[in-house]
Amino acid sequence: MLNADPIRVLVTGAAGQIAYSLLYSIAKGDVFGKDQPIILVLLDIPPMLPVLDGVVMELQDCALPLLREVIPTDKVEVGFKDLDAAILVGSMPRKEGMERKDLLKANVAIFKTQGAALEKYAKKTVKVLVVGNPANTNCLIASKSAPSIPKENFSCLTRLDHNRARSQVAMRCGVPADAVKNVIIWGNHSSTQYPDVHHAMVKVNSNEVPAFDAVKDDSWLKGDFISTVQLRGAAVIKARKLSSAMSAAKAICDHMRDWWFGTLDGEFMSMGVYAGGNSYGIPEDLIYSFPVHIKNKSWTIHDGLPINDFSRAKMDATAAELVEERDTALSFLSQ
């Protein structure tokens, strides 16, 4: 039985390659449920509208029963109207020779505009996922620009990093990816992120054992494993000459599906969320990736994990980078 009312889902950067890998999964029901009709709103910049028309044609040609309407637009008042979910993929990519602060400045402008549009046009219950980089800081700017939408409704994508970490451990142990649970990505979606397996469990021959016992190679887990996950995006670009789109789209689907339907008992997932009230000593006014549980569409940070000195230093280093990014971004926001 189909739910009568379709939900409105926005994807920005909709003519880009992540969206191209993402839209079919959403429209087919892999994210919001097999009985949930969808209106897909596709926003991009004016020069991309002819490309977007091609994407719309293809979505029509998929003949998907859940897809009630596809709305391509370059106007925020159309794009952000009455949204149930917003997936903000579009951002200013870093061009060669571009300083990080120039990148931040360009993105502050974009996410200030989009936050203001969410504030003005979207439902107050909208769930917002920021994917465009620098994702954590872009998410914070969007949230600050939409003061009447709860901070808890904003998140940024670190699920791709989470999935990368999970898969690395699984391959090392020779088990399927779902035999590994409770890896954590702490902090920024950047090369300072900290992939942490101190609390992860691996199912080996039907027994759950701590990841360090399953892997039996501490120097790998504290060295190459971490740098492989941190630098994986760059490795994909080097090989493919394009950024990771298939795996990013899959991570977006995982993130939104868990936000909609909840996490499994005894499992947590990594999400970039508002750090206010966290028990891990992370500065409050940040979007920082934590292990979270999700129930009834609301996340809570998994509290009480013991943090050793090795982890503490890495969690603090990525927090310091985020504080610096935030302060730079806020100086642009007030201009």
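Each Cβ is built from the backbone N, Cα and C atoms, and glycine gets one as well.
Residue counts for the domain 'Lactate/malate dehydrogenase N-terminal' (8-154) under DSSP, split into helix (H, G, I), strand (E, B) and coil, are 67 helix, 27 strand, 53 coil. The domain 'Lactate/malate dehydrogenase N-terminal' feature in TrEMBL is assigned to 8-154.
For D44 (NAD(+) binding site), other Cβ atoms within 10 Å of its Cβ number 23. The NAD(+) binding site feature in TrEMBL is assigned to D44, N107, V131, G132, N133.
Same-chain residues at least 6 positions away in sequence with a Cβ under 8 Å from that of R94 (substrate binding site) are, in sequence order, R100, L103, N133. Annotated substrate binding site per TrEMBL: R94, R100, N133, R164, in sequence order.
Residues annotated as domain 'Lactate/malate dehydrogenase C-terminal' in TrEMBL: 158-332. For the domain 'Lactate/malate dehydrogenase C-terminal' (158-332), the model's pLDDT averages out at 97.
The active site, proton acceptor annotation in TrEMBL covers H189. Less than 8 angstroms from the CB of H189 (active site, proton acceptor) sit N133, P134, A135, N136, C156, L157, T158, D161, G272, S289, each of them six or more residues away in the same chain.
Residues within less than 8 Å, Cβ to Cβ, of N107 (NAD(+) binding site) and separated from it by at least 6 positions along the same chain comprise S91, M92, G132, N133, P134, T137, N138, I141, A329.
The most densely surrounded of the binding-site residues R100, R164 is R164 (count of other Cβ atoms within 10 A of its Cβ). A sphere of 10 angstroms centred on the C-beta of N133 (NAD(+) binding site) encloses 20 other C-beta atoms. All protein chains included, G132 (NAD(+) binding site) registers 25 other Cβ atoms within 10 Å of its own Cβ.
Cβ neighbour count for V131 (NAD(+) binding site): 28 (other Cβ atoms within 10 Å of its Cβ, all protein chains included).
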